[in-house]
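Have a look at the structure below before the remarks.
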């Protein structure tokens, strides 16, 4: 502790992260499982990214966005998993105040980028299925890069705003966070000054970063479904739906866990459940995404097979 009476700065120099489990036996199990999940996630997403880069058939807007999503998934799990693995090895549960804020910033940066990127992918499917004649011009390389650049800018602004706003709160103790990474709801509970403005900011940001993209995604797919149902060929309808099914699955998982995490601010009793949701958001979801996108996608499967057997190389 570093008390600073009469100032607006935090009196807490570090926080204690309780992690997922407390017993040493279970910590060993969690370490093995988390390390396995981390390696699988990194390997799976980098394989998808490599396939998108080297396979000419995948040089399309849809796979351009998918490659960006793979980069986000690698970043998302890297923000939380290595630090947790290090704490499990060292049995040191503390995290410095600055490191906690840095982790929070990068987590919200990547999560916000996810929201916008999933929206861009829905817009891409809308244009491809509902506006096929103008698709190449409306989704040119310039448009793709602009969508990604604007997404990064908005996500960066959102993450930076939350991080700066959090520095205005006072933390006098206790400094125990019943979680395995630093996030806003848990830090709001520890603040010894009012977090009402911060919660209001999170609510407003959620409307812009989550609700608005979800509405746009829903509208896009409402048009897609209407267009697909007009296709007379059953095979044509199946092919059209298959290109959208993977994306809708990812959207459902991502927004489902996000809503559960941030729509119950101030609920202390649910903190143990929040750990499970946190594992799903930061570990399971990034690990599942490569599987979801490659399971029913013959183009991705073919590119991965060629990459694995060495028929194509990154050079």
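Residue numbering: from 1, along the chain as shown.
Every residue gets a Cβ built from N, Cα and C, even glycine.
Source: prediction; values computed, not measured.
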Transmembrane segment according to TrEMBL, located in which of 3-28, 29-54: 29-54
Intrachain neighbours beyond the transmembrane segment (105-126), with Cβ under 8 angstroms and 6 or more residues off its ends: 61-62, 65-66, 68-69, 72, 75-76, 79-80, 139, 147-148, 150-152, 154-156, 158-160, 162-163, 181-184, 209-210, 213, 216-217, 220-221, 223-224, 243-244, 247, 250-251, 254, 258, 281-282
For the transmembrane segment (63-85), sequence-distant contacts whose Cβ falls under 8 Å of one of its Cβ atoms, 6 or more beyond its ends: 19, 31, 34-35, 37-38, 41-42, 45-46, 48-49, 52-53, 95, 99, 103, 106-107, 110-111, 113-114, 117-118, 120-121, 124, 144, 148, 180-181, 250, 278, 281-283, 285-287, 289-290, 293, 299-300
